[in-house]
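Taken verbatim from TrEMBL:
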type     : residues : note
TRANSMEM : 33-58    : transmembrane segment
TRANSMEM : 70-87    : transmembrane segment
TRANSMEM : 99-118   : transmembrane segment
TRANSMEM : 124-143  : transmembrane segment
TRANSMEM : 164-185  : transmembrane segment
TRANSMEM : 191-214  : transmembrane segment
TRANSMEM : 235-256  : transmembrane segment
TRANSMEM : 276-297  : transmembrane segment
TRANSMEM : 309-331  : transmembrane segment
TRANSMEM : 337-356  : transmembrane segment
TRANSMEM : 396-416  : transmembrane segment
TRANSMEM : 428-448  : transmembrane segment
Amino acid sequence: MSTLKRNHDIEHWDAEDVAAWEAGGKDVAKRNLIWSVIAEHIGFSVWSIWSVMVLFMPTDKFGIDPAGKFFLVAMPTLVGAFLRIPYTVATARFGGRNWTIFSAFLLLVPLLLTLYFVNQPGTSYTTFLIVAAFAGFGGGNFASSMTNINAFYPQRLKGWALGMNAGGGNIGVPVIQLLGLLVLVTLGGDYAYVICAVYLVLVGVTAVGAALYMDNLTNQKADMSYMLKALRVPQSWAIAFLYIGTFGSFIGYSFAFGQILQISFKAGGDTATQAAIHAASIAFIGPLLGSLARPYGGKMADRIGGSKVTIATFGAMMAAALVVIFASTLADRNNGIATGSTMTILVAGFIALFILSGFGNGAVTKIIPSVFEAKSKSLPLPRAEQAAWSQNTSGALIGFVGAIGALGGVGINMVLRSSYASTASATTAFWVFLAFYVVCAAVTWTVFLRRPRVAVDSDVVAEAESLVLEAESSTSSAR
């Protein structure tokens, strides 16, 4: 049957059925994963488009100072965070394929608005904030994509599949930043609209690809009732908090890194154009490496447990934050001017933070299905219904956790904005971030790793992950 004529609705899907999985189910899941990654990738690019646009908007021409730019790039993050809640249940209500097509076409709105207004220097700051807010549509795509792919893959492969899906989507951030660099170098600072034009074409390709190759799972359920069920499990709130530290760091730094570099280069004597080019030539590296690290965080979590990987990651993020603080302090003592060696240390610290936050994203995401897989075993239901409850509840929580994590990105930009407005430096902000990573590590230990003195209910994550790992070991032994 041709791709155009085949039925795109799958009525009976059980990823845990090994025989069905090997007989062709894995190929169906892979096909949907590929186009889910592409759609989420484009969504992330559009979501982060204003982190690139501000490099084309010199203060003397647009009248927006660095503090104003931090707030401007935070607007899509804020809107995207809130959109992740309804996007989470959209795939179950409308179908994963159908929603992917619709949400892709929805990205045309922020692209067309940005294409027009980015070349209008006389536009008010309020108008720019409204236009930037529409880019939040791209941030919502993560929740629907992750919920959809969670339903396609068996428990033993969720860490890898969710990590690959999210990581491939996250790469949309450095890709649009790299395109911005290419436009700056080859065409100049007056051609930001070219970036929008390129993505208008890519959105069309994505929508067509999703229509041809993706499927709807008719038995998928992730409505608000499942989200409420998930939030009744105490560990769900701890997971959301940890995701602020990992994904919030990744997306917050992704949007802010270019501006921090641009400010540093201008302080060192670069013109606005030179600073923009130099910043763009470095800014994409961090999000790229962080995105590539995410699947490996999920894979490592599959092997040894998400909690263990998460606490180790936060420990390393503390060290990386100290490196950035050291470099920023050196620049502060030199009248805000970063020497070559100071810039090297600063960039190295940032790159480490990107890699670690990406790695941690994969680990924290893996904890979610682990919790509900174990919790489902205590329900007085047949095994098939337990599996469905676990899948639907974890899928609903992924969207909620993604929304809370994205708010962490808003927080990072707001703290940086305040730090630059009050001290003209990022040093104070990174002391705040360091303290937060300490708290995240403490929460990971207290909630997920500390051995309880008395017997506890089976939804404790320590038990949850041990049950999942035991099941995976049994599966591996059977191969």
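Every residue, even glycine, has its Cβ placed from backbone N, Cα and C.
Remember, TrEMBL labels are computer predictions, not curated facts.
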For the transmembrane segment (396-416), out of 235-256, 276-297, 309-331, 337-356, most C-beta pairs under 8 A are with 235-256
Counting Cβ pairs under 8 Å that sit 6 or more residues apart, are there three or more between the transmembrane segment (309-331) and the transmembrane segment (235-256)?
yes
Recorded stretch that, among 33-58, 99-118, 164-185, 191-214, 235-256, has the most CB pairs under 8 Å to the transmembrane segment (124-143)
33-58
Tertiary contacts of the transmembrane segment (235-256) (same chain, 6+ residues out, Cβ under 8 Å):
48, 50-51, 70, 73-74, 77, 170, 173-174, 286-287, 290, 310, 313-314, 317, 350, 353-354, 357-358, 360-361, 363-365, 367-368, 371, 397, 400-402, 404-413, 416, 433, 436-437, 440, 443-444, 447-448, 459-461, 464
May I ask which of the stretches 33-58, 191-214, 337-356 has the most CB pairs under 8 A with the transmembrane segment (99-118)?
191-214
With a Cβ cut-off under 8 Å, give me the same-chain residues at least six positions beyond the ends of the transmembrane segment (164-185) that come close to it.
33, 36-38, 40-49, 51-52, 55-56, 141-142, 145-146, 149, 191-192, 194-195, 198-199, 250-251, 254, 258, 273, 276-277, 280-281, 283-288, 290-295, 298, 358, 361-362, 365
Quick test of the contact rule: Cβ under 8 Å, at least six residues beyond the ends. What residues does that give for the transmembrane segment (191-214)?
3-4, 8, 31-32, 34-36, 38-39, 42, 45-46, 49, 52-53, 56, 96-97, 100-101, 104-105, 107-108, 111-112, 114-115, 118-119, 176, 179-180, 183
